[in-house]
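As written in TrEMBL, here are the features:
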- 9-182: domain 'Hydroxymethylglutaryl-coenzyme A synthase N-terminal' (DOMAIN)
- Glu91: active site, proton donor/acceptor (ACT_SITE)
- Cys125: active site, acyl-thioester intermediate (ACT_SITE)
- Asn163, Ser217, Lys268, Lys272: CoA binding site (BINDING)
- 183-466: domain 'Hydroxymethylglutaryl-coenzyme A synthase C-terminal' (DOMAIN)
- His263: active site, proton donor/acceptor (ACT_SITE)
Amino acid sequence: MSENGYTHRPTSVGILACELYIPSLYVEQSSLETYDNVSKGKYTIGLGQQRIAICSDHEDICSLCLTVLSRLLDQTGVHPQQIGRLDVGTETLVDKAKSIKTVLMQLFAENGNTAVEGVDNVNACYGGTAAIFNAIHWIESSYWDGRYAIVVMGDIAVYAKGNARPTGGAGACALLIGPNAPIVFEPGCRSTYMKHVYDFYKPNLSSPYPVVDGQLSVQCYTSALDACYTQYCTKAQMNNESHSNQSSVNEVNLSTFAGIVFHTPYVKLTQKSLSRLYLNDIIRGCSYIPSPLVEKYKGKIDLDSSMNDKELERDLIEKSREVYEQKTLPGLYFSQNMGNMYTPSVYYSLFSFLSSQTNDEQLYGRRILLFSYGSGLASSMYSMICRKVHDSRFTLAQIQKSVKQARHILDNERTELEPDLMDKLLLEREEKDHKAPFTPTQPSEVLKSDNMYLQSVDKNYRRFYEKFSGNNDTTDNETIQKLYTEYFQTRQTNDNTH
């Protein structure tokens, strides 16, 4: 018997269930192009973005995380006593000492469970992945007590008015982690690349906005991608060989995977990233690459010198288009319509890809490749395998159902704001950031019946949350748009008066 009383170590550890949060407000990127007086297509084609998700002042990072966690427990029927670990990944901080995880503990303490390990994980967009790895390691360790783990990740990505603002967004998700999962983290197949660099960081603790070197950030992302892919292929190949009785096994390359998803600060970067992996396969001389293409480039270019070769990039994007449209594009629907979500970004892409597949049988046994990147920098590449789970309430079909419900909300239950209202909303958010006491004053009609929301912040900066008990689900978008217009008109009048 093992140290924790279990005779068998847990196997097939991975994602059992998920819950995704969709903010109720959004702005059309095409409208933002007109409002910002930029060329048509700069955001919609140049960045690949369609809409940007916006949070009202009733929402902060804790309310988003409380909402998805509460929904996950309700939807799965898992009792809070059955949770032994809770990890949070975020870069949207509301306190320099108290973790968001401790705020979430109110959902467990009221059910008599205070024995829940884990705290927050912080490093830009990588915190969610670090949280997942911690949860997996706990389940696979001698400290596991047989209970489930939950990972909650979320962020509200806002930028100062200017070129970066269209790359904002918001989102949060909660994942139930445990053995015998329908989506398994493939053992032994993980690579990591970390380095000290200032590409994106938030040194001003009084401001919600980051300092960004956009060009450097893309270069860092690409370098991390190259390094992780090289290391991943080596490890995965060794893993294949150690589990095979054959004298040789198929090489690991892009054709190995059913899906390939990336951290997505903006959609266009994923197309460039896929083409970059394609270049790696060309340089390696992988068998699925057309011979003329291998002859054209192999031995004539290297990864470092090709980093800023735009002509090569355009050629590779075109050559890899079929792979991109089959394996990456189906995973981009949430990112296209919500924007950058920071920590949960790559997982929204994973779920978007899974929900786009019409035949589960074709997914079973197939790998999905994931690349997670957080500025500063921390990155990892790893793979998941879909499994057919028998006699279980946690199945791939149930996960797909949950994701499709979130997509229905995304498509049908959000309210469009005009760009000028977004600017006013974000300005108000900036002015009231970390102010105390504070009570949200924006229209409450934006809240849904099962939302956890910020009720108030008292003079000692203590935050209080409630579950919304009203019924705004039938309030039409036109009414909410009108209420926001009137709200900011009244606020401006009051400001002028004073």
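Quick reminder: no glycine exception, Cβ is built from N, Cα and C everywhere.
Projection of TrEMBL feature records onto the structure.
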residue	record	contacts (Cβ under 8 Å, 6+ apart)
Glu91	active site, proton donor/acceptor	Val122, Asn123, Ala124, Cys125, Gly127, Asp155, Lys202, Tyr342, Thr343, Gly374
Asn163	CoA binding site	none
Ser217	CoA binding site	Asp199, Phe200, Ser375
His263	active site, proton donor/acceptor	Cys125, Ser345, Val346, Phe371, Ser372, Tyr373, Gly374
Lys268	CoA binding site	Gly46, Leu47, Gly48
Lys272	CoA binding site	Thr222, Glu313, Ile317
* Structure fact -> Greatest Cα separation in angstrom, residues Asn163, Ser217, Lys268, Lys272 binding CoA per the record, works out to 20
* Asked: So for the residue listed as 'active site, acyl-thioester intermediate', how many other CB atoms are inside 10 Å of its CB?
  -> 31
* To do: Restricting to the domain 'Hydroxymethylglutaryl-coenzyme A synthase C-terminal' (183-466), report the mean pLDDT as a whole number.
  => 92
